[in-house]
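Single-structure report; data block below.
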Amino acid sequence: MEATPTEPPAERPARDETSPAEKRVPTVSTLVRHVRRLPQYVRDYRVIRTTALFFAWFCMGLYVRIVGPTMIDLKDRLGVDYEEISRVLVSHTVGYFLSTVSGGIFLDFQPKYSWVILGFAFMAAGLGTAGTPFTTTLWGLGFLQHLAGWGHGFTDAAGSVVCVRLWGEKASAPMHAMHSGYPIGAFIIPLIAIPFLSPDRPPADANGTTPAPPTVEEAWLLSSVQWPYVGVSVLQFIIGFVFFYFQYRELATYYDRKQPEKSPKSFSAFVSPSRFLEGQGRKAVFLLVCLFLFYTMFQFNQNPFTQYMVSYMVETGMYTKPEASVVYSTFWICYASMRWLSIAIAAWVPIHVMLSVEITGLCISGVVLAAWGATDKTVFWAFTCILGLFSSSVFPGGTAWANRYLDASSVVFAICVVGASVGSTAANYVTGYLFEYVGPRAMLYFFMSCGCALLVVFAVMQVSVSPLFAGPGPSARGETLEMGDRQDDKDAKKDNERSTSNI
């Protein structure tokens, strides 16, 4: 075992010298104190590893969202329509579903192996991403996207576990920081893909005749979308090796042996709902079902719009391919900007207030887009940006909400991402079917209705944990968190003393 460096007692920062009331209200003195501690924070192994998680989510944004701006070219290369390719892309979310279930169960018993799960996740996703543009059959595309889906699901399942293990009850802001990398990658990838896309089809002639789509041979000659996929896969492999190194360092320094894990000791303990909300098993089951529906509705709302946004703009003649890619990028610029801003907001604003504002704004934006944005370019672009602002922090906000009101474990986070995978799977197929056989505008109505349903689900969730229905669980848990801040700060001292040996 490596020696653990320590600091002289006089140099250790007094972290628990402020009262809980002062901690809840930002003051000039607290900001100055945090600025003075920046060098110490930079050396903190928790900050270093959270930064690595940020880059992991950045890479996830690249490989998950690259399908959107390149879908038309992938479809033409295979010689299929939107309904057929949407059925195949469902294989990604099937892999996502299976990996979140299996990963959540495994990590609930063996949380110390989270880093190696993340490493294998990026290796699998890298193989799926690299092969996607080179396949010539639908089943080949389905297999490769299924493989990428396994990596995607393992990353979501293990990443949240790692973040909570690093930061404990103070994981809300780091959780938002980790997820803030995703929209940056999603914003950059369409700009990277633009030079490699095939040219736009010529417009309809005077008789209204639309030119035939290119043949498979022409599609392979006109586009070079394989190169963005290859570049992204190289980055995935690099990040995978970084996570393998973190796992080696964690096991080599015996860090987990010094920090006991809250793993279930038996199968009965594993399936007991009371472990998530002490003394209130039925309420725990109800909240877990609500969390599942929350993420299902959120993905039902997000997938139709983000996955088919470029196709909608191009197929309706609203924008050309380069213009549509720019609109798509501005959505992710707004998404990323608010995700970064939410890191600071989450440190001071209660999570239920953040989610209430965000989901209400998301619902209103969906109504405006479906009613007026479908035919007006200016309204569509403007409310696409507004939608990006309101939807950016809902996913990490949901996990922070679960960590606030439940005794969150890898199973709780797995339930969240399983709900997301179910929503993604169903939404991909339904949207592709509506797009092909009902019309592109049906996608917007579907998107709008799912946003309204999401608002209803969250309202039920929040009312169920309000004082009106309060038992000893959530309220007592909230008080315990407040009283536990001082102990957390004392624990942070010990963590920082170990930081050098754990990097």
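Each residue, glycine too, has its Cβ placed from N, Cα and C.
Annotation comment: TrEMBL describes 1-25, 475-503 as region 'Disordered'. Annotated compositional bias 'Basic and acidic residues' per TrEMBL: 9-25, 479-503, in sequence order. What TrEMBL lists as transmembrane segment is 47-68, 88-109, 116-141, 147-168, 180-198, 227-248, 284-300, 355-374, 380-399, 411-430, 442-461.
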Cβ pairs under 8 Å between the transmembrane segment (180-198) and the transmembrane segment (88-109), at least three: no
Interface present between the transmembrane segment (380-399) and the transmembrane segment (442-461) (three or more C-beta pairs under 8 A): no
Among the ranges 88-109, 227-248, 355-374, 380-399, 411-430, the one whose Cβ pairs under 8 Å to the transmembrane segment (116-141) are most numerous: 227-248
Residue numbers, six or more beyond the limits of the transmembrane segment (284-300), whose CB comes under 8 Å of its CB atoms: 273-274, 276-277, 394-395, 398, 402, 405-406, 412, 415-424, 426-427, 450, 453-454, 457-458, 460-461, 464-465, 473
Highest-contact recorded stretch vs the transmembrane segment (47-68), from 147-168, 227-248, 411-430, CB pairs under 8 Å: 227-248
Dominant neighbour of the transmembrane segment (147-168) in 227-248, 380-399, 411-430, by Cβ pairs under 8 Å: 411-430
Surrounding residues of the transmembrane segment (380-399) on its own chain - C-beta under 8 Å, 6+ positions past either end: 160, 175-176, 178-179, 183, 291, 294-295, 298, 301-302, 305, 309, 313, 318, 327, 330-339, 342, 346, 351, 354-355, 357-359, 361-362, 365-366, 368-369, 373-374, 408, 413, 416, 420
Close approaches to the transmembrane segment (227-248) from elsewhere in its chain (Cβ under 8 angstroms; 6 or more beyond its ends): 49, 52, 55-56, 59, 62-63, 66, 70, 113, 115-116, 118-123, 125-127, 129-130, 132-133, 151, 189, 192-193, 196
